[in-house]
Every structure is written in C-alpha cells, then in structure tokens.
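To keep things clear, I will list the structure first and then write my remarks on it.
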Amino acid sequence: PGLNDVGPIKGSLAICLVTVFVLVYFSLWKGVKSSGKAVWVTAILPYIVLFILLIRGITLPGATDGMIYYLTPRFEMLHNPKVWVDAATQIFFSLGPGFGTLLALSSYNKFHNNCYRDAIFTATINCLTSFLAGFVIFSVLGYMAHVQGKHISQVGEEGPGLVFTVYPEAIATMTGSVFWSIIFFLMLITLGLDSTFGGLEAMITGLCDEYPKPLGRHREVFVGVLLVFIFICALPTCTYGGMYIVDLLNIFGTGNPILFIVFVEAAGVFWFYGADRFANDIEKMLGFRPGMFWIICWKYISPTFIFVLFVCSFAVPDGEANEEVSEEAAKFPGWSVGIGWLLTCSSIICIP
C-alpha cells in the first residue's frame, strides 16, 4: 500500500538483481581492462537498438503527429524555473559531470591525451543521442494516441512510468511484439549496466587510489565485498512497494545535491586553484592553450548558471517535491519527506 508497508521481497526481482550484480562484478573486478571490454557491448548495442526502434516507430500510424508534437516548442514553459532545473539535472545525468565517473575513467588516460577533443566529442554525442531518443519515444507515443483516440499529452508519463508502462504497452499492440519487447528491454539492461559500471568505477578507483595497499592490491576481493554491500542496500527496492522507495530516491536523492556538487567543483578549480593555472596545465598536456571563451565560461558563466539553478531547485521544486511525495498520504507518509531531505543533505553536508 505504501512506504508504511512495502511488503516482502519479490523473489524473481531479487534473482534478477543477483544476476545483474554478478555481471557487474566480472566486468569490474580487473579494472578498466575488464570494464573497457564490457563497455564495447553495453555502449554500442543501445545505438543499434535505438535505430531499429526508430525505423519501426516512424512506420507506425500516428507517428508523424508524435514527432511534430516533440519538435513543436512551447516557449511559455521557459518562464518556469522547474523546466530549467529539470533540464540541468537531465544533462548532468546523461553526461555525468559531478558524479566522479568522468574523472575516474579519464584518470587512466595518458598525460598527453587530447582531453579537449574528448570533451567536445562526448558532449556532442550525448546531446545528439538524447535528441534521437526523443524521436524513438514520441513516434510510439503518437501511435498510442492514434490507437486510443487521445491527444499525445494524455498518453505520456514521466520517468519510470514512460519506460516500464507506456512504451511496453505500445510494443504489446505491435505485430511481432515479442521481438520488439526483447530488443527494447535488452537495450534497457545494457544502458543500466553501462551506468552501473561508470558509477561504481568512480567509487572503486577513488578508494583504491586513496588506499593502494589494503584495497588496490586486493581489488578483486574489495569489489566483491562492495557489491555484496550495495546488493543488500538495494534489496528494499525489490519489495512489492519498492517503486515507492525508488520514487523517494529519485525526488530527493539526486537533483539538488548534484547541482551543488558541480558548483563547488567549478568554484574550487576555477576560483581557488585558478582558471589561468588550469589553462596552463591543459597547455602542458595538449600543446595549446584554451581560448578566452573557455576561461570566461569556467570562471563566470557556468558557476553563475549552476548556482542560480541550485537556488531555484530549492525555491521552486521544494514545494513541488513535497507535493509530489504527499499527493497520496497513504503511499508517502509525512516521515518519508523528512527522510528525503536527510538524503539530500547527506550528499551536500560532506563538502562543508
């Protein structure tokens, strides 16, 4: 019924979770040597599936309406600070700054690696992928609207509901639905594994670098113990009410902290360490100095933009987050909001 009673652990979900963690372990136990090989599959397969689903999507009746709806701007939404906060949070999630993943993985590069080219290439591919995924989603939403005789805005949902309810429901009505279901969920699994590799590698690399003798030399054992601990922490999400726990983590555990962490990182590097000194370091690595545009972005534009979004995230979604959680008191009791804000503070408080 809700967070007051999430019910017992669902066996099939727990078995799936064990399987995923076994896959993750054997992809991470040797460091980038093993995870690098696994990523060739988990990073490339989703693109193949996305293009297959796109080709299928655009051939469905109503797909054109869905794509027109996707591409039609609603400029009045730009007045809403929550839209900007959501956009920033989304780009942080998809690109990964502030989570430590990019830092951990790039620490394995050679000193003279062209990080400038990597940064431009990664950011461009990331945005184009999101843009492409929009066509895949909205072509199918247009089809759903056509089948149900509704407007497209009435068939869409946010977050997990879109991925696990609306899209699979649409696939179920297609010819050859079993095939489309298999490749769609295969894509989701590989995307999830990919994100897990990166997030855990950031933690493992940081700890192994900090404690090379006890942890770095016994990486296989350390990774195994860490994954068992994380598996135990993840078990409550495998209960029958596990989705409520995921919702609570989604609302409170990520948006505000990541904006604050990235702001502090930017301030630490470009105001305290110094943008000029940072530019000199890059010149030693690449052989050329970043232009004035980048220095202005680093020192003024990015930190200011992120700080304003961080303030807005408290000033605006504060009430909305509480509202979202308190919509159905039976599912989300009052104490859960307090735990939510403790989650938010648990990431931020480490920095002061």
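Each Cβ is built from the backbone N, Cα and C atoms, and glycine gets one as well.
Automatic, uncurated: that is what TrEMBL annotation is.
Remember, it's a predicted structure, so these values are computed and weren't measured experimentally.
The Na(+) binding site annotation in TrEMBL covers SER94, ASN126, LEU191, ASP194, SER195. Sequence annotations record features per position, and here TrEMBL assigns transmembrane segment to 6-26, 38-63, 83-108, 120-145, 178-200, 221-246, 258-275, 296-316, 332-351.
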Ask   = Near LEU191 (Na(+) binding site), which residues of its chain come within a Cβ-Cβ distance under 8 Å, counting only those 6 or more away in sequence?
value = THR42, PRO46
Request  = Determine which residues of the chain contact the transmembrane segment (83-108) at the Cβ level, with the cut-off under 8 Å and only residues 6 or more beyond its ends counted.
outcome  = 32, 77, 115, 118, 122-123, 126, 129-130, 198-199, 201-206, 209, 254-255, 258-259, 261-262, 265, 306, 309, 312-313, 316-317
Query = At least three Cβ pairs under 8 Å linking the transmembrane segment (221-246) and the transmembrane segment (120-145), pairs spaced 6 or more in sequence?
reply = no
Key: Distal contacts, the transmembrane segment (258-275) - CB-CB under 8 A, six or more residues away   = 85, 88-89, 92-93, 97-99, 295, 298-299, 302-303, 306-307, 309-310, 313, 347-348, 351
Query = Which residues, same chain and not among SER94, ASN126, LEU191, ASP194, SER195, have a CB within 8 angstroms of the centroid of the CB atoms at the recorded Na(+) site?
reply = PHE93, GLY96, GLY198
Remark   = Row ASP194 (Na(+) binding site), column other C-beta within 10 angstroms, all chains, value 19
Ask   = So what's near the transmembrane segment (296-316) in sequence-distant terms, Cβ-Cβ under 8 Å and 6+ beyond its ends?
value = 81-82, 84-85, 88, 255-256, 259-260, 262-263, 266-267, 269-271, 275, 278
